[in-house]
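Copied from TrEMBL, the annotated features are:
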- 13-105: repeat 'Solcar' (REPEAT)
- 125-212: repeat 'Solcar' (REPEAT)
- 128-151: transmembrane segment (TRANSMEM)
- 183-203: transmembrane segment (TRANSMEM)
- 221-307: repeat 'Solcar' (REPEAT)
- 223-242: transmembrane segment (TRANSMEM)
Amino acid sequence: MSSIQVRTNPAITPHQREILSGLTAGFITTTVTHPLDLLKIRLQLDQTSSTTHFQNFQRQFSILYDSTSKLRTLQNVYRGLLPNLIGNSIAWSIYFTSYRVSKDISHKIFHASTASDYSNKDSNLQTWQYLTSAFAAGSFTALLTNPLWVLKTRILSTNKSNPGAYQNITDGMRRILKEEGILGFWKGFVPSLMGVSQGALQFAIYDTLKYQIYQSDSTKLEIYQYIIMSCSSKMVSLLILYPIQLLKSRLQDYESIKRPKTLSGVIKEIITTEGVSGFYKGVVPNLMRVLPATCITFGVYEQMKIWV
């Protein structure tokens, strides 16, 4: 039977280990990749003709870059960092912990096991069990964190100097409650829920690859193997389901306050004005962001599980 190297610190429970590992991975990854995340959102919300992708990229980059002030450029590219840090750190800690709980339930139901810590026995699970466990974890995480993603998207989609732009998290929360009501925090939740399938697919591929590599209890994964597995699983899942991510951004966009949108309306608008390729706007900077981000996230996460 294969096993994964996880430090058994009696002072830390398996679920606490997941929380700490997820928080750390989310914090480090977000800090490093935030500028590309901001650029990705700006490009996703750009509704000009898809024949001018490169011009759109140049325009958005020029908006962020200030040749007269390096400090202002830094402020521009890190606008919205706080909600992004909070959102990703919390989301990853919830996700990894929920995923652990979901896999524990699978162990109990399908393998009739009564162990208190299954982290070294996950190789017993099948790919479809990874998939369903990840989908359950993703759905729970999406429900809890959607308000943070609405705030993040609204803040990152505008410069602070833009008319009507949210000045900070508090200002954004106050205005959403006033202008849209409590349900405004869950705009885009349906496509977010559909988008959970991307994370589920990624984790199913990742964990299947990870446990297939283990040939014996003494086998230990090297860092390059984590990088290959995480990048491969992320690229496949993202390319298949990226259009759902774009639809979510369009529904959560600040402009949606002025002109309320429906999912079917956004799909029709994209096809009519931008063509089918419009569903992949921002996919290149997104790949540039998520592949390094995925390597960092999973690398930090796997190492933290050993260290704590």
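Cβ from N, Cα, C; glycine included.
The shown structure was predicted, so the numbers you read here are calculated from the model rather than taken from an experiment.
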_Intrachain residues whose Cβ lies under 8 Å of the transmembrane segment (128-151), provided they are six or more past its termini_ = 83, 86-87, 90-91, 94-96, 98-99, 101-103, 105-106, 110, 166, 169, 172-173, 176, 184-189, 192-193, 195-197, 199-204, 207-208, 248, 252
*the repeat 'Solcar' (125-212), counted residue by residue under DSSP: helix, strand, coil*: 71 helix, 0 strand, 17 coil
